[in-house]
Amino acid sequence: MSSAQAEDEQDYETPSCYELQKHFTHGGVAYTHVNEVWPGVYIGNEETARDRYKLQTLGITHILNAAEGEWNSVDTGAEYYKDMQIHYYGVTAEDTPTFNISQYFYSAAEYIQQTLSDPHNKLLLHCVMGRSRSATLFLAFLMLQQRMSLLQAVEQLAHRRHICPNWGFLKQLRELDTHLQEERRRTHT
């Protein structure tokens, strides 16, 4: 790491929820059912998750359902994909500001990282709309596995998909960002 990068990291401050939301609404891409947001990673909505032909066309080998459960969910499950040779992982997350989605940050990031360890794999990360829960988990992946700041992760994703994590999720991402920045500063001093 160059000294300029180290200095930038030391000067970095986690942006407010309001500042982050500006990145979602200014100059972003139009909403579509699915977008490739990283090599081998697609974020999509329920329609994409249920479209078996589309999944085959995209070459999807793994699915992370960020909306498993009974309320405001996508109830596909592993059984839905059993004849497609798709590895399924689901998390029960509600798209409400009070839901603790941070409990899934590390496990989801690890699942994404393991999936991408084989360059032939392709992952669909989805929720109902593909804008809040799935986007939040992918932002956490970028922060944890790719060592991006929250701002870098938001900029990376917002240029590729129309996202809108709820305020509670943004607060949890901000907490993760603060924790990771403090950890990185400790290791650089």
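Yeah, the Cβs are placed from backbone N, Cα and C, and that goes for glycine too.
Quick look at what Swiss-Prot annotates:
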| type | residues | note |
| --- | --- | --- |
| DOMAIN | 33-182 | domain 'Tyrosine-protein phosphatase' |
| BINDING | H126, C127, V128, M129, G130, R131, S132, R133 | substrate binding site |
| ACT_SITE | C127 | active site, phosphocysteine intermediate |
Fewest-neighbour residue among binding-site residues, criterion Cβ within 10 Å, set C127, V128, M129: V128
Least Cβ-crowded entry, counting other Cβ within 10 Å, from the binding-site residues listed as H126, R131, R133: R131
For G130 (substrate binding site), the number of other Cβ atoms found within 10 Å of its own Cβ: 30
In three-state DSSP terms, the structure that G130 (substrate binding site) belongs to: coil
Local confidence of the prediction over the domain 'Tyrosine-protein phosphatase' (33-182), expressed as mean pLDDT: 95
CB-centroid shell, 8 A cutoff, substrate site H126, C127, V128, M129, G130, R131, S132, R133, site residues removed: I43, N45, E46, A66, A67, D95, S134, A135
Other C-beta atoms that fall within 10 angstroms of the C-beta of S132 (substrate binding site): 23
